[in-house]
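Structure first, then comments.
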Amino acid sequence: MLLPWATSAPGLAWGPLVLGLFGLLAASQPQAVPPYASENQTCRDQEKEYYEPQHRICCSRCPPGTYVSAKCSRIRDTVCATCAENSYNEHWNYLTICQLCRPCDPVMGLEEIAPCTSKRKTQCRCQPGMFCAAWALECTHCELLSDCPPGTEAELKDEVGKGNNHCVPCKAGHFQNTSSPSARCQPHTRCENQGLVEAAPGTAQSDTTCKNPLEPLPPEMSGTMLMLAVLLPLAFFLLLATVFSCIWKSHPSLCRKLGSLLKRRPQGEGPNPVAGSWEPPKAHPYFPDLVQPLLPISGDVSPVSTGLPAAPVLEAGVPQQQSPLDLTREPQLEPGEQSQVAHGTNGIHVTGGSMTITGNIYIYNGPVLGGPPGPGDLPATPEPPYPIPEEGDPGPPGLSTPHQEDGKAWHLAETEHCGATPSNRGPRNQFITHD
């Protein structure tokens, strides 16, 4: 359809004028700039504006990295200020404070990947080998990944640390022989590439085994050889036990000897005198007198038990010293005829060439007069070669003449006989008395 008027010369002249008029009309209408009134409590830009209910107006929000330092009013918009160091605000906000930056806690398994700024908080993630176990808007706690057993590997994920391992089997021609959360399956070794031959094929848990082409295979042990290797040591042990038991039964003295060795006290350990369990040694069956101790026998009556005073008692029949000839003439007693000392007797008993003394023994250690000096006597003092003067002699030392000391008169005693006169008395006995 053609418009002849619009294409005519007058139409072309009025066109720009009409467009300019419409532009002026559009510019004359007022635009809504915060703060502005809102009748339905909604603002045109919800991300950057907010509704202030006290004044019923829409106000501007503060951009990231700032906070509200002065609230808006009907005549003034919101005033913002930059966050201080170590604080942040990530979004458009109308907060009056900034949030504090927090470090990544290594105790909870976190590590830092980006520092904190005024527009962004600290960026944290789980440490290697761990996954996030607690998530609340962000990860707050990490735990160790589970191990994948041999023959498997952990499935790869787009986001590391978001979940626990999910183990999958190794592909054909690959193996994995450890238990690890991060181990990966490896391809089997190709023996021909190394100039070797395959000895054992690879599996999902082990690699291929290669060998030298000239190396012979080890012989496999048959079932018979394996049975002999088990039964021969067992039969040898049973034979040894049988021989030992036969020797033990045929020689019972071995048991007694072993028991005596076990009961013997170690060297240097003596009997305990306080224990009170000491017993005198028993007499030898063939030589009783040689091992009889010089101790009171339990059957003897002690002076303390009878209440009588103790006194040394020796039997009257103490044998005197005998000559060798007399000893040879004594009859020799047979071992069976030798007897022990009778209980309850004290004294000296000689039996079978031995002497047994029971009772108290008193030894006198005085000098012997008139006999030859003994081996323990002191040597005699030699006689001086010159005379010793008497005590009190005023003269010089030398030879002195003996003389009679003055004393009482001499008296003669007479013996009288019956019928005799003094004239015819018999011989007289002279007694010298010294006054």
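Note: Cβ is positioned from N, Cα and C throughout, glycine not excepted.
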**OP:** With Swiss-Prot open, pick whichever of SER180, SER323 is annotated phosphoserine.
**Re:** SER323
Original post:
CYS104 forms a disulfide with which residue in Swiss-Prot, given the options CYS98, CYS116, CYS124?
Top reply: CYS124
Subject >> From CYS185, CYS191, partner that Swiss-Prot gives for the disulfide involving CYS170 >> reply: CYS185
**OP:** With CYS101 as one half of a disulfide in Swiss-Prot, pick the other half from CYS83, CYS116.
**Re:** CYS116
**OP:** For the disulfide involving CYS80, grab the partner from CYS43, CYS58, CYS59, CYS62 as Swiss-Prot records it.
**Re:** CYS62
Subject >> Among CYS58, CYS62, CYS83, CYS142, which are recorded as disulfide-bonded residues, the nearest neighbour of CYS132 (disulfide bond) by Cα >> reply: CYS142
Original post:
Including all protein chains displayed, how many Cβ atoms other than that of CYS72 (disulfide bond) lie within 10 Å of its Cβ?
Top reply: 21
Original post:
Rounded to an integer, what is the Cα-Cα distance in Å between CYS139 (disulfide bond) and CYS101 (disulfide bond)?
Top reply: 16
Subject >> Rounded Cα separation (Å) that holds between CYS62 (disulfide bond) and CYS142 (disulfide bond) >> reply: 35
Subject >> Residues that sit under 8 angstroms from CYS104 (disulfide bond) by C-beta distance, when 6+ apart in the chain >> reply: LEU110, GLU111, GLU112, THR122, CYS124
